[in-house]
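The domain 'Amidohydrolase-related' annotation in TrEMBL covers 50-419. Taken from TrEMBL, the feature Zn(2+) 1 binding site applies to HIS59, HIS61, ASP150, ASP303. Per TrEMBL, the feature substrate binding site maps to HIS61, PHE62, ARG63, ASN93, ASN276, HIS307. Per TrEMBL, Zn(2+) 2 binding site is recorded for ASP150, HIS177, HIS230. As annotated by TrEMBL, active site applies to ASP303.
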Amino acid sequence: MLLIKNGRVVDPKSGFDQVADVLVDGKKVVKIADSIEEANAEAIDATGLVVAPGLVDIHVHFREPGQTHKEDIHTGALAAAAGGFTSVVMMANTNPTISDVKTLKEVLASASKENIHVYTNATVTKNFDGQNLTDFKALLENGAISFSDDGIPLQSTKVLKEALDLAKANNTFISVHEEDPELNGILGFNEGIARDKFHFCGATGVAEYSMIARDVMIAYDRGAHLHIQHLSKAESVKVVEFAQQLGANVTAEAAPQHFSKTEDLLLIKGSAAKMNPPLRTEKDRLAVIEGLKSGVISVIATDHAPHHADEKNVEDITKAPSGMTGLETSLSLGLTNLVATGDLTLSELLAKMTINPSSMYDFDAGYLAENGPADIVIFADKEERVVSDHFASKASNSPFIGEKLQGVVKYTICDGNIVYKA
């Protein structure tokens with residue numbers, strides 16, 4: 001048994017927010033009360049700390065199989081635990097891609113060895129070919145939880161429509177990466193800074209929001225659930241809001257980098273600040289925050305994208321892969337750039353990192369209540385730290401290294417076991 005004493009217990013699902021004790025027995029929370037005495041329990045003094053549901057990240061890249069020099073499921077799970085996450089959903093852009101039952105089973109066998117909950121998407125199209133749909137039914141029956149060709153936009157309108165229909169028929173949804181390659185130049189660089197500082201055509205805003213506009217309207221027509229990944233443009237927020245007001249079953253996520261930083265970071269941090277979609281303008285950053293405040297964007301997801309230093313640190317920045325490691329800075333970025341600024345309450349931030357993403361998948365996760373799962377994060381919400389280059393992840397490709405942020409994870413508990421301790 002674990003007894004967590006005197007912490008500020010915050011459950012965004014119920015709205016509970018008060019100092020209390022939490023008793024864990026096995027994989028369950030068995031009691032939450034003002035004061036609990038249990039002689040046989042291991043005690044954690046959470047005085048001055050926040051006790052919240054274990055965080056849920058529905059967008060991570062753990063690079064297994066085929067790219068394990070960047071990350072693997074084990075190191076990814078360690079990074080997740082260090083960041084306060086107890087449930088994560090992997091993307092399927094591995095090598096080979098997770099397009100068939102054989103590969104899926106191998107990945108899930110590896111994931112089952114970890115001490116947090118590691119789930120996976122399968123691809124929408126076979127090997128990301130953009131044309132031939134995978135066997136949704138067989139993949140779901142064998143443990144996939146949804147579908148995404150993340151990293152590669154679905155260019156064919158016909159394929160998107162068919163994928164939405166198939167997802168609806170199987171009571172699931174698809175998640176889409178929205179950057180139309182026919183409207184884009186070199187990825188990872190917002191169009192303004194690409195033009196003014198690097199003197200080439202970069203990633204345009206219209207490539208993102210025009211594709212979102214197309215896809216949310218098709219989802220509206222088909223009555224299917226479509227999830228928009230890591231939107232980054234002010235117009236994208238408006239388009240999603242419009243679709244939701246029409247009654248479309250459209251959800252959206254934002255990544256911490258897009259509500260924290262702008263394109264100018266590329267000039268300071270180089271390839272560490274290169275990602276898809278790219279960091280945008282201050283207008284866009286503020287619009288993403290407004291989308292989070294209004295609820296148009298209901299989920300914060302990291303797009304944790306580790307890369308080896310040799311790949312990132314190339315002379316020609318245009319040749320460096322896009323992406324950043326994000327699991328170990330996500331909570332701090334939310335606390336620093338959303339809560340400390342007064343844009344979200346602590347409970348509102350946690351909702352977007354726990355119950356909201358969990359509810360999309362019907363996970364038994366993302367809430368903290370009696371008889372609920374013993375997946376818990378304990379953190380100091382106002383304690384400051386300087387982000388070091390020492391990560392639990394294999395990778396350290398973060399543009400936030402050296403930055404002072406609020407929020408330090410002290411304990412992560414999954415299934416009643418302490419899986420991370422600072």
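Placed from the backbone N, Cα and C atoms, the Cβ positions cover glycine too.
These numbers come from a predicted model, not from an experiment.
Mean pLDDT for the domain 'Amidohydrolase-related' (50-419) in this predicted model: 98. The secondary structure of HIS59 (Zn(2+) 1 binding site), as reduced to three states from DSSP, is extended strand. ASN93 (substrate binding site) carries neither a helix nor a strand DSSP state and counts as coil. In sequence order, LYS70, GLU71, ASP72, GLY76, THR94, PRO306 make up the list of same-chain residues 6 or more apart from ARG63 (substrate binding site) whose Cβ falls under 8 Å from its Cβ.
In this structure the C-alpha atoms belonging to HIS307 (substrate binding site) and HIS59 (Zn(2+) 1 binding site) are separated by 16 Å. Other Cβ atoms within 10 Å of the Cβ of HIS230 (Zn(2+) 2 binding site) number 25 in total over all chains.
The most densely surrounded of the binding-site residues ASP150, ASP303 is ASP303 (count of other Cβ atoms within 10 A of its Cβ). Applying an 8 A CB threshold to same-chain residues 6+ apart, the list for HIS177 (Zn(2+) 2 binding site) reads SER148, ASP149, ASP150, GLY151, ILE152, PRO153, GLN229, HIS230, ASN276. A gap of 12 Å separates the Cα atoms of ASP303 (Zn(2+) 1 binding site) and ASN93 (substrate binding site). Apart from HIS59, HIS61, ASP150, ASP303, the Zn(2+) 1 site neighbourhood in this chain, defined by C-beta within 8 angstroms of the site C-beta centre, holds VAL60, MET91, GLY151, GLN229, HIS230, ALA301, THR302, HIS304, ALA305. Cβ environment of HIS59 (Zn(2+) 1 binding site): VAL89, MET91, ASP150, SER175, GLN229, HIS230, GLU253, ALA255, ALA301, THR302, ASP303, HIS304 lie under 8 Å away, each six or more residues apart in the same chain.
Note: ASN93 (substrate binding site) has non-local neighbours HIS61, THR123, PHE128, ASP149, ASP150, GLY151, ILE152, i.e. same-chain residues 6+ apart with C-beta under 8 A of its own C-beta.
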